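Novice: Here it is, the structure, as structure tokens.
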Amino acid sequence: MTTNTFTDPPVEMAKERGKTQFTVRDVTNFLNGGEEETQIVEKIMSSIERDPVLSVTADYDCNLQQARKQTMERVAALSPYLVTDTEKLSLWRAQLHGMVDMSTRTRLSIHNNLFIGSIRGSGTPEQFKYWVKKGAVAVKQFYGCFAMTELGHGSNLKGLETTATYDQDSDQFIINTPHIGATKWWIGGAAHTSTHCVCFAKLIVHGKDYGTRNFVVPLRNVHDHSLKVGVSIGDIGKKMGRDGVDNGWIQFTNVRIPRQNMLMRYAKVSDTGVVTKPALDQLTYGALIRGRVSMIADSFHVSKRFLTIALRYACVRRQFGTSGDTKETKIIDYPYHQRRLLPLLAYCYAMKMGADEAQKTWIETTDRILALNPNDPAQKNDLEKAVTDTKELFAASAGMKAFTTWGCAKIIDECRQACGGHGYSGYNGFGQGYADWVVQCTWEGDNNVLCLSMGRGLVQSALQILAGKHVGASIQYVGDKSKISQNGQGTPREQLLSPEFLVEAFRTASRNNILRTTDKYQELVKTLNPDQAFEELSQQRFQCARIHTRQHLISSFYARIATAKDDIKPHLLKLANLFALWSIEEDTGIFLRENILTPGDIDLINSLVDELCVAVRDQVIGLTDAFGLSDFFINAPIGSYDGNVYEKYFAKVNQQNPATNPRPPYYESTLKPFLFREEEDDEICDLDE
């Protein structure tokens, strides 16, 4: 059987691949950070693909309980790597497998990143060693979860109501859930798996509240998995996505833990009840920053998968055409289809640059903090600088997490729509991918709240700059004097395609926005308290976060291109220009308001985006092949490497739904009685009357 009267998709795909004008491997190495990194990635992907337990080809038809069991089997298969992998290998493995199996990624990350990350970052070296000996890292007779969110509070850490009250007589903390609103909620791993949790609770000593701190609390007995005395746990059940994650609720009733179970790298409680607080509370939130940084990288990895599917399909799918043409037109050749997908491909590449920059900053800041002794007066200046950098990273990671996870959600759904009806099939991945993904826009900080937090941080950094104080590198441009201002003559075409101009245009827009908001804040705070003043500026704070994050992605993209091989630079530059100019289209108002561009410039930018889409069009297969994804990781027949989309799609549907019986299992019980029912007042309608 032929698949189409007018086209042979595999032949079409081969022709498209032949249009590539660069060495695909060079772009792959550029994205991964070099040939050595690419080889590491390929080895990890190969090991995942060869393990039958990790196969995801039949996942789309799993029910809730099957997904839970299957995910646990995969956790067991991957857990040995938690001990043998280096930090870098562990990160790669999690991100790569997480592209196609977000549930397993989540269950492992909750333990490894959030639980272990909290103990490593907020505990003393001695505490970390203690829990390692207990089996925490090896995941033997031990599984951890992260008990932060409550039924009544999520993003507001200061508002959490679980209490940890110090009992000096027993040298223990007593953990309590004071009311139903303080129930720990949405806790991944709690319902079935976890033996311990890192619990966020209010530290109460001698009747005084010292704020939210972290405590390691045993949940289940190791020998039989029964609940500890005073611990109540339930299953939250069916969610929108990530069915393989056993999210649960936890309540504590007078649960006693040793004083040493409080993580005391920063805040400390002595056996006599003396509390020593850290220089900055944000130092205790390292696990949250790590989670956000990971989500920025995940945004890139998940986006690249769905863009590969949509663009490969677009290069072989023909639909409609001009009159008299014997062949229908490839949908990738429709200008509007290019407009829908190619700026998103450029966005995906920009995400990678932002993710790498965030990861680098996180590692450097964390290493510097872990090397400091908070109690050493000689390190006071270094600690203060680390505090400033941590505050900036806390805010910056919030904004980046928000806008990249939103961006990925947009990419998944736009790619789904761009694949027409076939994008709605469960076997092409978009439905489960979207349902599994969008929780990223909510957990570890609701995106809108995070943007407001970042906007607040940007204003505070601007105040630091105005006072001549230290700020982190990524915000220093706000203090620069250079700026772009129109004289009414418009901007030449070559300037609109200049990386230097585009970077400075975004920095000017962001700088002006932040400084204007800072001026308004300084006026408001004369009559309002700081919190009220910031609330009055909520919309402005959001806009500050949006433009600052976009300029950061653009700046990072252009800076990274400078390190690329000469043969791929022109193609990467087209992507960067496309992303920057499309981003201006997305925020035209601010560039006009700030007198950076004229209405005529905007018209020219619209034309340049069209031109860049045409220029990138022939390279889309090479640019997506550079992601290095085999059909296993694509896991969608319409995105197959060889372009044989119809035969593979048809085969997949029939493999999962074999035509064994033309009658449904509910024929006798439901369908037959319905079809052969008798109506008491069955009258024939005479249409001629």
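Each position is counted from 1, following the chain as shown.
Keep in mind that glycine also has a Cβ here, set from the backbone N, Cα and C atoms.
This is the feature table in Swiss-Prot:
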- THR149, GLY188: FAD binding site (BINDING)
- GLU444: active site, proton acceptor (ACT_SITE)
Novice: Using DSSP with the three-state reduction, classify THR149 (FAD binding site) as helix, strand or coil.
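Specialist: DSSP assigns THR149 (FAD binding site) to coil.
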Novice: Which ones in the same chain are close to THR149 (FAD binding site), with CB under 8 Å and 6+ residues apart in sequence?
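Specialist: Once residues fewer than 6 apart are set aside, THR149 (FAD binding site) is near LYS184, TRP185, TRP186, ILE187, TRP443.
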Novice: In whole Å, how far is the residue listed as 'active site, proton acceptor' from GLY188 (FAD binding site) when you measure between their Cα atoms?
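Specialist: That separation, Cα to Cα, works out to 12 Å.
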